[in-house]
Amino acid sequence: MAKQQIGVIGMAVMGRNLALNMERNQYTVSIFNRSLDITEKIILNNPNKNLFPFFSIKDFVLSLIVPRCIVLMIKSGVATDDTIKSLIPYLSKGDIIIDGGNTFYKDTIQRGYELLKIGVNLIGAGFSGGEKGALYGPSIMPGGRQEAYNYVSPILKKIASNSEGIPCVTYIGPDGSGHYVKMVHNGIEYGDMQLIAESYFILKTLLRLDNQSISKIFDIWNQGELNSYLIDITKDILIKKDDQNNYLIDCILDEGSSKGTGTWTTKSALDLNEPLTLITESVFFRYLSSLKSQRLLASKILCGPKDFFIVLNRDDFIEKIRQALYLGKIISYAQGFSQLNSASQKYNWNLKLGEISRIFQSGCIIRAKLLKNITQEYSSNNNFVNLLLTPYFREIANTYHSSLREIVSISVKYGIPIPALSSAISYFDSYRSAFLPSNLIQAQRDFFGAHTYKRIDKSGIFHTNWYS
């Protein structure tokens, strides 16, 4: 019996669509799912395709060409550990496991270390693009041993999305680097979504625009600098109606939820001493929004501004919102890529940030016109420390910061919560400041804890007896 070229474990929507993507690209695919009825249903719904179902792990593994390539599209954590343990008795030296879940990068490092003891390679690969991306072409971020990647790269390039004819996949680096990049990708996604939500809220509350009008504004924005997947879907979300002819957006509970990757990103930023302020505020906002019962109580007890906003030039104000959103987006990406650079140095990953920005240009959730500018800046100079310091982005920042400042000021004056936008201008002002009040903080630390300080006029470390 002929053996299959690749195997996929996990037939939820991502695994199923990835298997169909592989099959469409002329690969024979073995599939396995813990719930057997799901496997049977997939075969029933996809007749005459090179999908081969198996109902035991042993039969599944033995159905594959050696060295085997097995893709895991399952829930991260215990489920991944259990699945790998079930595979081990039937694997051979040189086999490759690709973990395509949203796995914590340190778990990937540990699993890769343990598997390498028995000669099995682990590739931790981030897959972005959602269920549609999995089917028609995701952005793929594989990390692990270079030789393992070289073996599986032909199939990854076949199934990946492409930008200007080049597949949106590249070798990220060793061990957990692929999952780390996917984690930061998701953090940037949090920031993007929060900035868009705040812009929508300003248009809705301050300008009192209806959903149709806001959708048209987002459609116009999507034709220019802000062109992106998230802006594109937002314009459609705003005008979607339910079966009662109500705008669906107005019927959705305002409690943000998450799966934890944003939290991982912010925790890593703290470990690296990276000021990931905008993305962190976006994570915190989801936590705050989930306090619905408390917010309802507070809305009856705590007072806010009573003034009624009157705009003199609506089109001019909308343009300022657009500029504020774009600069906020730039700052979010600047923080995310700065964190990638810090992680690369700490873990010796040698991340190629220009290549990473390139593979984000198609297939993934954060794909945006902006990424072409990022790639271009890295191709011109790969040694800069922050996107805001590069020619294109500093020109935008120096032009748009006044709009961001005005939108934040007006929103605060009228009681509109905008944590991401306000974080953006705060970061911008802090980053461009040659002097910050941290001198006082250092003096306070030395006063109560003898933590010492440095001076600007003398070299060395100093401590003062503040009580004398």
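Here the Cβ of each residue, glycine as well, is placed from N, Cα and C on the backbone.
Asn102 is the only one of Asn102, Asn121, Asn150 that Swiss-Prot places in the NADP(+) site (with Gly10, Met11, Ala12, Val13, Met14, Gly15, Asn33, Arg34, Ser35, Ile74, Lys75, Ser76). Sequence-distant neighbours of Asn33 (NADP(+) binding site) (same chain, 6+ apart, CB under 8 A from its CB) are Ile9, Gly10, Met11, Gly15, Thr39, Ile42. Most buried of the recorded positions Lys75, Lys182, His185, Arg286, judged by other Cβ atoms within 10 Å, is Lys182.
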